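Right, one structure below, let's go through it.
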Amino acid sequence: MAFPHLVLLLLFLLGADGTVFTLKNNCGRTIWPGILTSYEAPSLLNGGLELKKGQSKNITAPDNWSGRIWARDGCRFNARGIGKCLIGDCGGNLRCEGRMAAAPVSVAEFILSSDSDSYDVSLVDGYNMELSVVPLGGSGNCTKVSCSIDLADKCPKQMQVKFKGRVVACLTPCMVFKNPLVCCTGQYSNPQKCQASSYTEIFQSSCPLAYNFAFDDATKTFTCSGADYLITFC
C-alpha cells in the first residue's frame, strides 16, 4: 500500500531538480521573450514564447544550463510561428531555436551549476527595455541586478532607434561609430585599454550594476547558490 506514496515522493524529488526562471511581463503590451541556450545545454521552450501584458511564465532549467534571455518587441507571427519582430528579432521565428537576437537588446545572462550560478544584466548589445534579475532564495552574493530606467529618454541622438517618431531602443557606440576605441578591438582589446566612453557612461550612470561594455564584467557578474530567478521586463 505504501508503493504509491513512494512513487509520489520520487516524482516530487525529481521535479525539484533544476532552476526555475519566472519570466514576468510588466510592460503595458505583449512581448515575446527569446532564449538563446549555449551549445552544450538543452534548449528551453525551443528558444521563445509569447508573454501577454501582466503575464508570468515559469521555466525550469537543468543545473548545467547557460544562456541568454531577452524580450522581443513589436512582433507579428502567423499560425506557424513565422514572422518578424521590430526589436530583438531572431531570424523571423517565434521559437529562436539557437538563433541570436538582433541588437539592440537588453539581456539577462546566466551560467548555472550545482555549486554556484553566475548571472548579469548586459547592455553590451544595446538597450530596448527595462530588465531586472532577482534571485529567489539561495545563498551567497545574491544581488538583485537591474536596469530599471527607461534609457530611451537619455539615448544620444546618434544612437537612437526610432519607430513612428518614437525612440524604441538605444544602440551601443560600437554599432554607431564602429571604431576600435569604442568597440574594444585591435589594440584596445584588453581590460587595461578598453574603458568606458562618454557614451557608455550614459548606461553606466543610469544602470550601474549592468554590464555596459566589453571587459566591464569583472564587477558586474554576480553569484548565488541554490536560487530560482525572477526576470522582469519593464
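Quick reminder: no glycine exception, Cβ is built from N, Cα and C everywhere.
As given in TrEMBL:
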type	residues	note
DISULFID	Cys27-Cys234	disulfide bond
DISULFID	Cys75-Cys85	disulfide bond
DISULFID	Cys90-Cys96	disulfide bond
DISULFID	Cys142-Cys224	disulfide bond
DISULFID	Cys147-Cys207	disulfide bond
DISULFID	Cys155-Cys170	disulfide bond
DISULFID	Cys174-Cys183	disulfide bond
DISULFID	Cys184-Cys194	disulfide bond
SIGNAL	1-18	signal peptide
Cys27 (disulfide bond) to Cys147 (disulfide bond) - Cα separation in whole Å: 14
Between Cys234 (disulfide bond) and Cys142 (disulfide bond): CA-CA distance (Å): 21
Cα distance (Å, whole number) from Cys194 (disulfide bond) to Cys90 (disulfide bond): 29
Rounded Cα-Cα span from Cys174 (disulfide bond) to Cys184 (disulfide bond), Å: 8
Cys155 (disulfide bond) to Cys207 (disulfide bond) - Cα separation in whole Å: 13
Residue among disulfide-bonded residues Cys85, Cys183 with least C-beta crowding, 10 angstrom cut-off: Cys183
Listed disulfide-bonded residues among Cys75, Cys224, Cys234 whose Cα sits within 10 Å of Cys183 (disulfide bond): none
